[in-house]
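One structure below.
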Amino acid sequence: MVPRLLLRAWPRGPAVGPGAPSRPLSAGSGPGQYLQRSIVPTMHYQDSLPRLPIPKLEDTIRRYLSAQKPLLNDGQFRKTEQFCKSFENGIGKELHEQLVALDKQNKHTSYISGPWFDMYLSARDSVVLNFNPFMAFNPDPKSEYNDQLTRATNMTVSAIRFLKTLRAGLLEPEVFHLNPAKSDTITFKRLIRFVPSSLSWYGAYLVNAYPLDMSQYFRLFNSTRLPKPSRDELFTDDKARHLLVLRKGNFYIFDVLDQDGNIVSPSEIQAHLKYILSDSSPAPEFPLAYLTSENRDIWAELRQKLMSSGNEESLRKVDSAVFCLCLDDFPIKDLVHLSHNMLHGDGTNRWFDKSFNLIIAKDGSTAVHFEHSWGDGVAVLRFFNEVFKDSTQTPAVTPQSQPATTDSTVTVQKLNFELTDALKTGITAAKEKFDATMKTLTIDCVQFQRGGKEFLKKQKLSPDAVAQLAFQMAFLRQYGQTVATYESCSTAAFKHGRTETIRPASVYTKRCSEAFVREPSRHSAGELQQMMVECSKYHGQLTKEAAMGQGFDRHLFALRHLAAAKGIILPELYLDPAYGQINHNVLSTSTLSSPAVNLGGFAPVVSDGFGVGYAVHDNWIGCNVSSYPGRNAREFLQCVEKALEDMFDALEGKSIKS
């Protein structure tokens, strides 16, 4: 299984595909066609983005050994050191030189982009649980707008406005502002738009603003991951103008853009959705959507059968739809139900291969569930934030709006699929596998109310470091050991950057965790505070390095990928059990915070692991954890709470309760 990459969210940012038009597609700029009109073209910075650096080999080896230190005993560590030495002076050196040479020949991209696509698209495991994460929206602040039809209409219109704004080049470029008072201003934007694209990044850099890569954005819409034998393909058809809607496992399509590229009137979209919500067709006996949850080779074979049974046109409609809107017929009970429903549901009402599914339950609870190969959390989060803001601040319809009087029976097409016996058998097998797997997944969440970002920053501590330290203490308390831990960090500051790994388990967190968990009475509050400060400093350094492309994980991954591509026998470093162990990420963590996000989550990446989605808010800390039967998520969260209580006690000068 592969490390999950949600992201470490850089605040707001955007991206568009090759040859994307830089100005409106049509004269259709009537009211409500765009959600913003940026004076700086969306892709203005893309050409001048800096390239993702390949770290020096000696730096990578040094960082790798530092990350291994807390996970190994002395004997194991010495062995790993030997493997590293011979790698650095031998085959590793050769591979590194070849990687650097290859990178010089491919200046249009990054050294990680190709191998990363390969890794995702060649993986044969189901995309459900193994790769696809979800992010759930907060409710609309105006409660009557959470009516399912109203919210579905508003979310759909806002999503299409985003699509139009992006393609017209009118979406604000995604920029990380270190000094927004200087760079996030109309004056600066008026100036920078006249700087040629080949130089624009430097102009932003001078005012401490970092434009982010937007190359992933064009795959947000009209895109699907197609199952193929041994390696899947990403398919995009940006000419298609229809939306795919799933309800009760039935498939419907209707156009949301007209022939001139204008958005179909919101009242018509509302009428079509109302028609679909009131359709009394029963759920199909063999729900096709289960197939998207299958092993990729099995699904590839079944898809071929589906095509040759006369379903080619219907599948093309599914694959090319702007996105997939899933309307669920039940309300959400609580946060745990929300997580299960948005992460996997019952398998009948999602097309898991779509670049994203927008899921809306009966009570208006809404989430984005996305396929991960095409893009990372940064692109999805920008879309997410803009859609939330637009749909709540300038909604297209109100709860009182009357749907248009239009004949939806003509406009809305229900897709029917011809199923052979082999396909029916395939769907039944997929359902059985799906149901059995989902039964094994536990999800639980906690909200720690004693404090958050504000308090921790006053204590001069990194809020993220404290959250990560809590996970280390919790695992130590629960299982008595320190294990491989993964935190995703975006490298979108670079052209075609993806993610880098932060390794939160360090000698500092191990020492600090042992002090808090095993012998708190032996240390004064001051000593415990000092250890926390050391952890925070080191975590801050690791985070900065990762964001700057100076981690070790992607570099070692790319060298391994290169060796495999060249048919070179796998170097010993990669056969070392310690390498296997550090990449068996028992704690897989990812943080997301945004005023639009209620919570996010994903499954563990290994069978004996935890999937930890978390957010440190101003005055509270939220944590959403998943596990399989080998681990206890509820108990882990109790240990996380205990760790946070202990740390807050120490910071307030109190003694730790045993």
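All residue numbers here begin at 1 and follow the chain in the order shown.
Any Cβ shown, glycine's included, is placed from N, Cα and C.
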Subject >> Swiss-Prot annotation of intramembrane segment - which of the ranges 179-208, 359-388, 539-568 it falls on >> reply: 179-208
Subject >> Cα separation, K458 (CoA binding site) to K69 (N6-succinyllysine) (Å, whole number) >> reply: 31
Original post:
Can you tell which of the recorded positions K79, H372, K424, Y486, T499 lies nearest to G452 (CoA binding site) in space, using Cα positions?
Top reply: Y486
Original post:
Given the recorded positions K69, K79, K439, K460, K510, which one is most crowded in terms of C-beta atoms within 10 angstroms?
Top reply: K510
**OP:** Based on Cα distances to K305 (N6-acetyllysine), point out the closest of the recorded positions K85, H372, E454, Y486, K544.
**Re:** H372
**OP:** Could you state the whole-number distance in Å separating the C-alpha atoms of K458 (CoA binding site) and H372 (active site, proton acceptor)?
**Re:** 36
**OP:** Give the three-state DSSP assignment (helix, strand or coil) for L456 (CoA binding site).
**Re:** helix
Original post:
What's the CA-CA gap between E454 (CoA binding site) and S488 ((R)-carnitine binding site) in angstrom, rounded?
Top reply: 23
Subject >> Residues within 8 Å of the G452, K453, E454, F455, L456, K457, K458, Q459, K460, L461, S462, P463, D464 Cβ centre (excluding the CoA site residues themselves) >> reply: V466, V616
Original post:
For the (R)-carnitine binding residues given in the record (Y486, S488, T499), what is the largest pairwise C-alpha separation in angstrom?
Top reply: 12
